[in-house]
Amino acid sequence: MKFVDSATVFVQAGDGGRGCVSFRREKYVPKGGPDGGDGGDGGNVWLRTNSHLTTLLDFKYRKKYLAPRGAHGMGSRKAGRKGKDIVIDVPIGTLVRNAESMEVIADLTRPDEEIMIARGGHGGRGNQHFATSTNQAPRRSEPGWKGEELELAMELKLMADVGLVGFPNAGKSTLISVLSAARPKIADYPFTTLVPNLGIVRYEEYKSFVMADIPGIIEGAAEGRGLGLQFLRHIERTKILALLVSADSPDILAEYGTLVAELEKFGHGLIQKPRLLVVTKMDIAPGDFVVPEAPEGVGLIAVSSVAGKGMKELKDELWRQVSLCERQAEPPEDGE
């Protein structure tokens, strides 16, 4: 399936139905008076998160969503039927903006979350509402009100606990395939990963966390070079970042520093997230290789996904940091 993480769609709620002009006509009621019913309200447009969706692909092929209008009012004070609401399913993690002003309308991050995005117009009043002491037979009614309409700019930001960041061919895809059930494309050339991959990492019996692998970034990514920039948004919601550098790198700490600099240039709070330096591909490290000293305040773990070296230690540390972030995010109990 093609991965699409941005889309623009037009939504329009239904117009309200027209109020009715009608008069009561019965054999023994010569002056029955007005009995025109009100028009029905137009249908609303809702957005709802669907945990089975992982992309905005559907919106590439369908660009307009129109809710039905309300039915017109009828005689005998019968109101028109309300227009049927329509519900548009989107993936969890969808950020919705007004495409014209780019104002954020909703950030949908919970399962089965719903929000009304466009309200249907009210139905017009029938002539029964306009009778007065001086006008007992009004021939006036109201048209229905217009339903709301707007263009939406939707952006998908994947929901994950751990984000994997590294240069192309740093071993991210192999790592996520070993730690989780994810099966990304893996090959020994740069830019194998062209779309983000999510993997669920099982930890002990009933614990797990979600890991996101994005395409490799290169120096200058924050200015638009390479593939990584357009996918950095997918690690904005992560709790921690694992920065991967291959053991065959000429200068591991310099490469790590470049990755950190790109995260800082991109902004959006990425540089404030807890980080872990992971030295990968220890199975191909030079014979005289020495694991460098970790940068201040940053943990360092050396692993080989192929040989399984260091993988348990890595999983333990990732779980520890994810759990710590979750505890820090919990609201304090009363009295604390």
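Every residue, even glycine, has its Cβ placed from backbone N, Cα and C.
Owing to the predicted nature of the structure, the values given are computational and were not obtained by experimental measurement.
As recorded in Swiss-Prot, the features of this protein are as follows:
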DOMAIN    1-159  domain 'Obg'
REGION    120-143  region 'Disordered'
COMPBIAS  129-138  compositional bias 'Polar residues'
DOMAIN    160-323  domain 'OBG-type G'
BINDING   166-173, 191-195, 213-216, 280-283, 304-306  GTP binding site
BINDING   S173, T193  Mg(2+) binding site
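A map of Swiss-Prot features onto the structure.
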| residue | record | DSSP (3 states) |
| --- | --- | --- |
| G166 | GTP binding site | strand |
| K172 | GTP binding site | helix |
| P215 | GTP binding site | coil |
| K281 | GTP binding site | coil |
| S304 | GTP binding site | strand |
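Counting in whole angstrom, S173 (Mg(2+) binding site) lies 11 from G166 (GTP binding site) by their C-alpha atoms.
The predicted model assigns the domain 'Obg' (1-159) a mean pLDDT of 92. Each of the binding-site residues K172, K281 was ranked by the number of other C-beta atoms within 10 Å, and first place falls to K172. Counting Cβ atoms from all protein chains shown, S173 (Mg(2+) binding site) has 24 others lying within 10 Å of its own Cβ. Broken down by DSSP into helix, strand and coil, the region 'Disordered' (120-143) contains 4 helix, 0 strand, 20 coil. Long-range C-beta contacts of S304 (GTP binding site), restricted to its own chain and to partners at least six residues apart, with a cutoff below 8 Å, comprise T280, K281, M282, D283, G310.
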